[in-house]
Structures are given as structure tokens and as C-alpha cells.
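Per TrEMBL, transmembrane segment is recorded for B:36-57, B:69-92, B:104-125, B:137-165, B:185-203, B:215-233, B:268-292, B:304-322, B:334-354.
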Amino acid sequence: MRRVNRNRPPHIRRKNKAEGIVDGLSEAADRPLGCSPAETVVLIQEALGSSPDIHIRKMANDTFVISYIDSLIDPQLLSELMGNLESMLEEGEEVRSTERFADSISAGSVKVASTGRDMLTGMLSGAAVVLVDGVEGARVVSISGGSRRSVEEPSSQTVIRGPKEGFTEDISTNLSLLRKRLRTPDLRFENRVIGTYTQTQVVVAYIRGIAQTSVVEEVLKRLDAIDTDSILESGYIEEFIQDRAFTPFPTILNTERPDTVAGSLLDGQVSILIDGTPFALICPVTFFKFFLSSEDYYQRYDISSFLRNIRLFSFLVAMLLPSLYIAVTTFHPEMLPTTMLISVAAQREGTPLPALLEGMLMEITFEVIREAGVRMPRVVGPAISIVGALVLGQAAVQAGLVSAVMVIIVSFTAIASFVIPTFAMSAAVRLIRFGLMFLAGTFGLYGILSGVIPLLMHLVSLQSFGVPYFLPVAPLNWSNIKDVFIRMPWPRMNKRPDFISLHNQVRQGSGPEEGQSEP
Amino acid sequence: MNFAKSRLPEFIASFALFEVGSTTLFQIGAEAKQDAWLVMLVAALAGLLLLLMHLFIHRLDPKRDLYELCLTYFGKVAGMFFGSIFAAYFAYEASRNLRDLGELASYVLLNRTPIGIIILIAALVIANSVRYGAKVVFLSCLVMIPFIIVSYFVLISMIAGVGLIHFENMLPGMENGVLPVLKNVPDVIAFPFGQTVLFLVFFPMIHQQKNMRRAVLVTYGLTAIFLILVNQMNVLVLGPKLAETVTFPLLQSVQLIELVEVFERMDILFVLVLFIGLGTKLVLFYIGAVAGGSRITGTPYKKWVIPFGIAIFGMSFISPNFTHHLWVGIDVVLKWYPIIQIGLPVILMILMLVRKNKRGSDVAS
């Protein structure tokens, strides 16, 4: 990723960090602002053009000039600001120029911008600029508003039991959702602005004293190294900062659940929230984290443990089942019990394609249906399910195009891939599946093994921000394993995960019956 | 917190997988018939002595691996020569394992695929693993070993549960006296127990040195007992005559399992377990050879992966057929192995001790 950046034209690279709002902004913007509002108004008009949403209002013979972009501000706060300014006019001259200005404004926080660039940045992020006649610089009053979605139930990661709040596109809402869950002074937010054109606010959240400082520093370092003109979604950030670009497996987790983020922060992970998207990133993560749902911690521990193993099993099924079927029917039919062999063979009698092609055909068909399901307008949904279920399933079997067993295998594989709680991981499985099917179709079980072993090597060699991807299993760590294949009851999870948190800190006092066994 | 070095659990896992490796594939001490377990027991004890010596060498100079030890204590020229012998030996062992793996695959799984292609695929997979280095290989062993343990456990309990074991096959014990038993012991030391010399390359890579000795010895003991058990199980199931003559006796035993008409051809699944053992051994030998190439010449590790890969791939075709391959393995090279497995390390140890005493007396004076 860094290599691509180096090839960028130099004029864009120069203007990366927070400074440059608009490329080609005149030199005048970098000069300090003068005392005359009229000059500054000219500067604003030159820089922003004559868009209909840019407003410049004058009060009391140019004593105050207010400028804002009305699509970005809250009209109520604006009228409050106007009220503040009017009462200030009544009070007299000395109020405007002194520091009491900031105290007299109740509409929003006040900052002083000394250069045109700072002022424009403020305006573009939803502040009103107040220019006072005879006073240097501009006052930037934050009254940001504009349309935003209310907090709703997350659509991609649903739970039966647990909070129903999901992140929204507005970062301040998201930060408040986190603050509400973690009322500790140690919850820290580090702010960055990335993207020459988008000026996207990116916030790194962590709990001081639990998160490893080296990881926080590394995250900030990698964020600072990003040199791009736009960040529209957390996926951009994810690809820029991940450890290895060429891997099918995600090494950064994304979630739209504030409770998941809060839990991860408490485990010592670092979260990255990006303005404009409900998906927050969590790092460092291990492979097994992708099989956990936040619900695991809200439900009873026994059923949670069972479900976790079901998910890992589904992962294997989604990856291996079609290739195992192809390998066994093509190369090793003797493995099947005789009665089953006869029924499978009888079904395959009528089908024209070899198992590999049949499987590939059905898998690709399924992927097409699935993609159609995501992209199509909601109203045509029933049509797809009829075509998918009846035409491509039932009818294809009856027409002798594919065998019924293959339909069962493909359907079960598909369902199994939906069990994986994180979409990124199930996407990885979908891709790997095709490769393994091809190997199975050419070399049978031997082919599958020769595909799985390199995959394992790759998984074990991956790292996420210095933490081995396969952590509690390889390298082995017994205290972390407590929260992987099983979930211990809460009174027994006394420690935070090793290696991820700063020290193996105690999470809670040991329970009454635990007192003796813990050192 | 430091992930740069390998830690003990993954090392132990790969040591165990290495020891099991391809051993269960063949009948060890077959000429001793029903007394194979005695042969193995004696050989395992002798192997234990060898392992103790390796650990002792490691303790004398814990920072250097086998090749650096050679270069340091034999002198530069002789060290390079002996180091090359070790590297060549490891590469040859790897090539033998590669051939075993290929033959096994073509025997059980892919009857109609040319063995050259099977071996080529295996070589590619293995070379890819070697490319990652020892650390990643150790870690992946740690992931695989639970599956291996469970598989062998299920298998042994199935064989026992179905009632295939006939204890009368053990009898008569020492039918022809002690001599045939003792005559077989040297071969069994050379394969599998003497191969631990390879681990002189890996010992310095381990982070946690404290209880390494004990852990290695315990693992060695457990795997040796396990190997004796599995080996003797073949005799108990097939009888001493059949166990001696069949190419892959364990697979033969497994094929006899018939349970509720579902678990019939277990050998096909079980062969995958054998592949993992064989593959681990192969990868570790390969890494040993590559590490040698890089240490002796002082060039980067990765440069040697492909040359050794080609050499190992080529050497696996030395024998025209599997029978010849087995004959070479048992009757030719096995007689030369002790020089490398025992002779060279003993000389090395003596040189190290001499040097140490000399330095000790220098310091004293």
C-alpha cells in the first residue's frame, strides 16, 4: 500500500494532512486574517464559490458578519447564536473584542481561527464563522447539524439478547454511544483527519492502562502514514493499515455494535471509528475473534460455548464440504457405506456432468442468487426466492441436470457460511472453497490436504498488529483459550486476554468459590 | 510478549510429530517377528542416550546450532565439510520421506495418477512450508497435533473395540533367543530413534530454556511408548508373518475395522493422518538442510529453499521402484547412518569438552 502512495503526484502528497481543505486554495488563505470583515468575506466567496447553501449575513452595519453553510448546521442553534450576538450588541463594545465573547455564546463551542484555511475548515465541518469588525481573526462557532439517521438496530449483526443499538453514520453519536457504556476517565479518543478531499474524521478509541501503548502508537503511526484523497468507509482505512495486503483472511474486525466495541476495548483492543460509516474497526484481532458474537457474553455460558463450536464447525463445513463430496465420489467411492454408495451412484447415473463441474455449477449459481439477493430492489424479493428454490433446486434435479445430493451439499454449505458471525470471514471462506473444490476434483483427498496445509501455514504466519493471528492455539496460551472454544462463566473469567491487553490484568476479584484456586 | 522466538509447546508438538512421523508406516524390527516390541524398547533406550547426548551438546553451547557448532569446534574447513555432510544427510532423509509419501498416496489414494505428479505436488506444498521458516512450521504442528492424537486414539480404540487384537500373536516370546532381537537393534536405532540429531539445529531456536530438557525427554518417552504400542499392534492384529511382509502394515490393520457398516474404509481417512506425520518430518529435515546451506555459506535462508527443493525432489527418484527404495533404505543406507547420527556428534561433543576444559584451565592459570 505504501508503494502506491509513493507514486502519487507530488502536489497531492504535499497537501495531505489536516491543512489542505481544497486543492488550489489561493495563497491568501494561508495568511493571517485581518481586521476587516469585508476582506474576509471576499476570501470566503472566492474559496467556496457561489453555492446556494453558503450564506453570509450581516448584522448591525457590518459589526458582525456571520457566514455558514446551511446544509451543515443546525437551524435552531443558528437562531440561538443570532440571539446571543444581538444581546451582545446591546451590552456594548468591550464584550466583542475580549475573551468574554466565547463566554457569551451559548449556541456552541467557540474557537478562534487565525488563517483563512482554519476558518474554511471550520465552516466545512459545520461551524458558523463570526467576523467582528475591528477584531483580528475569525470566531468559529460549532453549531453543526444537518441530516443524520437516528440510532437503530444494527442490520448486519443481530442478536436475540443484548442491546439493540447500532452505530450510525455520525461519529459524534457513535462516540456518545461508547462514552455511555464506558464511563471511565481512561477511555481515550485520539482524533485524526484523513483524506485531502473528504477531510474525514477518524477517531482511535482505547482505554488507557488496558490497551497496549505500543499497539495504540502503531495504529496512530499507520493512520498518519495514510496519504489519500478520500476515506468514505472504514474499508478504506482497513486496507491501508492491515498487516498483510495479500491474504483472504481479515486481520481487522469490523462491527456496527457499540457493545462489541466496548467489550473489545475492555479486552485491551483498539477501535477505530470513522465518520460517515456505522462500521467501526477493531484491532488487533485473532482468527477466533471472528467466530464470537457479542451475544455469547449475554447468554448462558453453556449454550454460548456450544454455539461457538457450532460456528467453528460451520466454518470447516463451509470451506470443505463440497470438496470432500467431490473427492469422495470421484476418487474414493469405497469410503462410503455400500447402501449409501448405491443410492449416490444411482443418482449420479442420470447426471451428465462430472462431480467437479456439477459442484462448480451449483456453487456459482448459488453465489449469483446470493448476490442478486443483496443487490436487487426489495420488492422483487419473492421472485428471486421462487426462482432460486424451485427452478434452480427442484427443477434442476428433476430435469437430471444435477443430482439431489449435490443440491443438499451446496445448500448446507451455503447455510453454514451464514453462521459465521462476521461477514469478512465468511467471504474469505467463499473464495477458498472454489480453490479446494478444484483441487479435490483433480487429486481427491490428497488435493484437499495439499490445499489445506498451505492455508494453515498462511494462517499461522499471519499477524495482526504484532499479535499472532492464531493466538490462543498457536502459540498456545491456556489463559486465553478459556474464551475461545468455550466461554467460561463470568465469575471465572478473572483476567483479560494475555498479549492483547497491557499486562495480564485482573478483570475482577475472584469469585467466592474461586478464591483458593487462583494464585 | 516476545513472539520472535519459538516457545516450548510448539516445539514439543513438532518434536512429537517428528518422532511419530513415518515410523508408524512401516513395521519396525520386523525380522524379530513377535519380539519387535523388545527390539524397539532396547533401541528406544539407546535413542534416549543419544538424545541425552544431543541435549548435553546443546547445553555446552546453547547459543549455537549444529552447523555453527561444527564451524566453531571442527575449524573452518573441517566444519564446512562435516556441516555439508549433515546437510546432505538431512536432505537425503527428506527425499526418502518424500518418496514414501508419494508411494503411500499412489498406493492408497491415487492409483492412476503418475507418481511424479504426486511427488511434485507434495514437494511444492512442503517447499512452501519451508519458505515460512521453522517458527511457523512449529506453530502449525501445534495446531495439527490435537487432530493427530485424537485420530490415533480413535483408531486404536476401534481396533481394540472391534476385537481384532489377538494376544496369542505375542507368543512365544524370544523364540530363537536374544540374538535375533539384538541383531535388529542397530537398524532400529538408526531409524527412527537416531534421527533426533536433527534437533541440534532447532534447539537454539527455543525461547524458554528452563524446562526444555525435561519436556523433550518426557515427549520422547511418551512417543517411544506410543510407537512401540502401535508397532506391536500390527503384530497382534495381523500376526508376525503378515506384519513383516505387508508393505504398509498399519493401513492393513486399519482396513480390517468394520463397524456398523459405516466405518469401513478407515484407511483412506487415516492415510491423511500419516501424511501429516510424514510431511512434518519431511519439512523439518528439509529445514535442517536449508539452514545448513545458509549457515555454512553465510547466505540468506530463503536462497536455499529452491535449490534444496530441487535436490530433494530429484533424489526421491533415485530408486526405480518402491521395493528398491525400501531395500536401499533398510539394507544400504541404514548401515551408514550411525556414522552421522552417532559418530559425528560424539566427536563434536569430545571436541567441545576438550575446548571447554582447556579454556577452563586457561582461565584458572
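Think of each number as a place in line: the chain as shown, counted from 1.
Glycine is treated like the rest: Cβ placed from N, Cα and C.
By the Cβ criterion (under 8 Å, sequence separation of 6 or more), the transmembrane segment (B:137-165) is in contact with the transmembrane segment (B:268-292), since 3+ such pairs are found. Stretch with the largest number of CB pairs closer than 8 A to the transmembrane segment (B:334-354), among B:69-92, B:185-203, B:215-233, B:268-292: B:185-203.
The listed stretches are B:36-57, B:69-92, B:104-125, B:304-322; of these, B:69-92 has the most Cβ pairs under 8 Å to the transmembrane segment (B:268-292). Within the same chain, residues 27-30, 69, 173-174, 181-182, 184-185, 188-189, 193-194, 196-197, 199-200, 203, 213, 216-217, 220-221, 224, 227-228, 231-232, 235, 240, 243, 341-342, 345-346, 348-349, 352 sit at least 6 positions outside the transmembrane segment (B:36-57) and bring their C-beta atoms closer than 8 Å to a C-beta of that stretch. The stretch from B:69-92, B:185-203, B:215-233, B:304-322 with the most CB pairs below 8 A to the transmembrane segment (B:104-125) is B:304-322. Counting same-chain residues at least six beyond the ends of the transmembrane segment (B:69-92), those with a Cβ under 8 angstroms from any Cβ of the stretch are 57, 61, 197-198, 200, 285-286, 288-289, 292-293, 295-296, 308, 311-312, 315, 333, 337, 340, 344, 348, 351-352, 355.
Tertiary neighbourhood of the transmembrane segment (B:185-203): same-chain residues 11, 15, 18-19, 21-23, 28-29, 39-40, 42-44, 46-48, 50-51, 54-55, 57-58, 62, 65-67, 69, 86, 90, 93, 134, 212, 216, 220, 224, 227, 284-285, 287-288, 291-292, 329-330, 334, 337-338, 340-342, 345, selected by CB-CB distance under 8 Å and a gap of 6+ residues from either end.
Long-range Cβ contacts of the transmembrane segment (B:215-233) within its own chain (Cβ-Cβ under 8 Å, at least 6 residues beyond either end) map to 8, 12, 15-16, 19-20, 23-24, 27-29, 36-37, 40-41, 44, 47-48, 51-52, 55, 152, 156, 159, 165, 170, 192-193, 196, 199, 250, 253.
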